[in-house]
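Pulled from Swiss-Prot:
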- 1-24: signal peptide (SIGNAL)
- Cys63-Cys110: disulfide bond (DISULFID)
- Cys161-Cys173: disulfide bond (DISULFID)
- Cys166-Cys169: disulfide bond (DISULFID)
Amino acid sequence: MSTRSLTIFILAHVWLLMATTSIAQFVIDTSGEPVEDDEEYFIRPAITGNGGGSTLVTGNGPCPLHVGLDNTEGTLGVAVKFTPFAPQHDDDDVRLNRDLRVTFLTSTSCGQSTDWRLGEKDATSGRRLIVTGRDNGAGSQGNFFRIVQTQTGGTYNIQWCPTEACPSCKVQCGTVGVIRENGKNLLALDGDALPVVFQKE
């Protein structure tokens with residue numbers, strides 16, 4: 001093989017590797033397209049038997065509302081949008097492993113934000129619940145989640161690990177899963193992870 005052919009061969013493989021790596025940095029929806037921060041999506045369990053899409057669920061009182069899954073299998077739930085902590089001014093694709101806000105696109109009688117937020121520990125399981133509302137603490141790190149790739153292509157986990165929103169904070173990161181309590185499917189950290197997919201509205 002000539003030096004020129006070898007150079008072209010190597011450059012072609014480097015380009016292919018860079019293109020594959022670049023695509024892998026983005027969250028992909030159920031249609032195979034990158035998830036965008038200015039679009040609406042439904043978050044659905046990737047595995048049947050976990051309930052329907054993500055939705056607002058009442059807890060012990062009317063407010064704050066919890067983040068959960070619809071009890072009816074196959075339902076879409078409530079649409080969300082994603083707002084990156086550090087948006088890329090040149091594109092609107094949602095990136096893997098980057099802090100972002102998740103916001104339900106609906107109004108509530110609670111008169112509060114529908115941003116996902118890390119809540120208190122569940123009294124029974126000790127797992128940290130996901131609720132809605134603004135975190136009024138310094139840096140609002142309770143409102144920042146991230147999407148991470150699972151080992152199965154096209155499925156993802158959602159984690160609370162706000163290392164961009166608060167790089168100096170010492171936090172106990174956790175992956176979102178489900179607690180079944182009083183006939184409700186509540187999202188919480190610190191247990192079995194819930195693999196999800198993102199379906200564009």
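Cβ atoms are placed via backbone N, Cα and C, with glycine included.
If you count neighbouring Cβ atoms within 10 Å for each of the disulfide-bonded residues Cys63, Cys166, Cys169, Cys173, the highest count belongs to Cys166.
Least crowded of the disulfide-bonded residues (Cys110, Cys161), judged by neighbouring Cβ atoms within 10 Å of its own Cβ: Cys110. Under DSSP, Cys169 (disulfide bond) is assigned to coil, being neither helix nor strand in the three-state scheme. For Cys169 (disulfide bond), the nearest neighbour among the disulfide-bonded residues Cys63, Cys110, Cys161, judged by Cα separation, is Cys161. Under the DSSP three-state reduction, Cys63 (disulfide bond) is assigned to coil, being neither helix nor strand. According to its DSSP assignment, Cys161 (disulfide bond) is coil. Looking only at the disulfide-bonded residues Cys63, Cys110, Cys173, the one with its C-alpha closest to Cys166 (disulfide bond) is Cys173. Spacing of Cys63 (disulfide bond) relative to Cys173 (disulfide bond) is 25 Å (Cα to Cα, whole number).
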